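Engineer: Grabbed the feature section from TrEMBL, which reads as follows:
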ACT_SITE  299  active site, proton donor
BINDING   36  [4Fe-4S] cluster binding site
BINDING   434, 435  substrate binding site
DOMAIN    12-431  domain 'Nitrogenase/oxidoreductase component 1'
């Protein structure tokens with residue numbers, strides 16, 4: 001645990017609540033103080049949904065601290081069981097309940113004795129895992145619970161479906177473009193002649209989880225949530241899984257070829273034939289996706305050699321890095337992720353496609369790196385978008401943490417062949433085109449009378465005199481910020497507190513020396 005005013009991944013209980021709230025007719029009860037119950041507002045505002053199961057907060061107040069929590073928690077579980085009649089109630093611990101050393105498992109056992117609903121305690125360590133890790137663990141726990149329950153019944157059937165089918169694991173609420181990605185994945189699988197067996201947790205029912213083993217394979221589009229579940233299903237039921245994210249022309253083809261391999265392992269036995277998806281890949285790449293054509297166009301070639309910085313969760317940051325470097329010819333100066341628990345995989349994925357790798361959950365380090373590298377564009381989270389605004393560097397948002405802007409009303413997937421078009425648009429439109437910016441200034445598109453300081457530093461030790469400000473205003477806007485930062489850097493290195501026109505000329509000579 002640490003005190004912070006910005007976190008890339010939230011506390012563990014938010015991950016548990018996201019998974020529980022994604023299922024239909026699953027109720028989560030959070031044992032927390034007043035103020036931690038913002039999840040319902042956040043979900044209803046961002047997802048723009050009316051029909052979802054709200055989270056109940058079992059408030060820890062002074063009376064609870066004096067008498068203990070047991071009666072209040074058990075009463076809340078009993079009340080929700082009678083009012084909502086959910087299939088499952090998930091009791092979600094928080095850091096507060098851990099500090100109070102509440103025996104929540106005992107509360108669950110007591111409530112289970114007179115409740116019709118299934119009740120489980122989310123098994124996450126709130127001091128050691130973050131929101132994404134907790135979501136992954138909670139989903140695996142729920143799946144394990146219901147498959148173990150099904151195993152105890154004689155009617156449990158794990159035979160495969162007649163036609164090829166797949167489970168999509170890891171689509172859940174408040175995910176970055178998850179709903180759009182899910183639609184695109186369904187369309188992709190339908191094109192391949194593969195039926196959808198289950199999509200979990202978003203929109204799924206826990207009473208249908210016993211049908212998961214009937215699918216031919218599992219598709220895990222995001223590493224952050226779903227990988228533990230897929231590994232459990234592989235271990236217990238021998239189900240293979242595909243974790244290659246179908247983002248970008250190259251990885252979509254790789255993912256489809258892996259699907260073809262899985263299908264052909266069963267097809268010769270069940271249907272006495274094999275599938276060949278190469279014609280489909282070729283057609284989609286040439287005629288459906290515009291990204292391959294765009295990468296060879298003069299517009300995209302204008303971006304060749306430009307520097308970019310990529311930062312986000314492991315899945316999106318790795319995929320965008322490979323798209324920029326391999327498919328669009330853009331130099332990735334630095335690629336990074338805040339998923340420190342998955343850093344080995346991330347490094348393996350991007351080490352050959354970028355100059356530098358950063359693994360951190362400290363946004364100030366990311367900001368300092370961006371200021372040092374001075375890229376032409378940033379592809380990151382909402383925090384990198386704010387950093388880019390301060391440095392006058394354009395930013396395209398490619399990963400959680402999310403903002404209302406990332407829940408678009410229009411269809412904007414990042415996965416699949418339609419996703420390649422969206423990503424190409426995002427990349428191209430994120431770069432500031434120098435001549436365009438220059439023309440806007442010439443014709444009065446920007447107010448150039450006053451220079452606004454663009455810096456991550458809050459130091460006020462440097463001042464610009466009127467002559468130097470006049471010179472700075474003469475410089476085209478698309479390079480002004482860079483020249484300003486280089487001049488201030490030179491001034492600090494040489495102990496200069498007031499920047500004059502001569503200081504600017506000296507900084508330019510030092511840079512060219």
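Cβ coordinates are placed from backbone N, Cα and C, and glycine is handled just like the others.
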Engineer: Which residue, of the recorded positions 36, 299, has its CB surrounded by the fewest other CB atoms within 10 A?
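Structural biologist: Each of the recorded positions 36, 299 was scored by Cβ atoms within 10 Å; lowest is 299.
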Engineer: Whole-number Å distance between the CA of residue 299 (active site, proton donor) and the CA of the residue listed as '[4Fe-4S] cluster binding site'?
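Structural biologist: On Cα coordinates alone, these residues lie 48 Å apart.
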Engineer: Suppose you look only at the domain 'Nitrogenase/oxidoreductase component 1' (12-431); what would the mean pLDDT be?
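Structural biologist: Per the prediction, mean pLDDT sits at 89 for the domain 'Nitrogenase/oxidoreductase component 1' (12-431).
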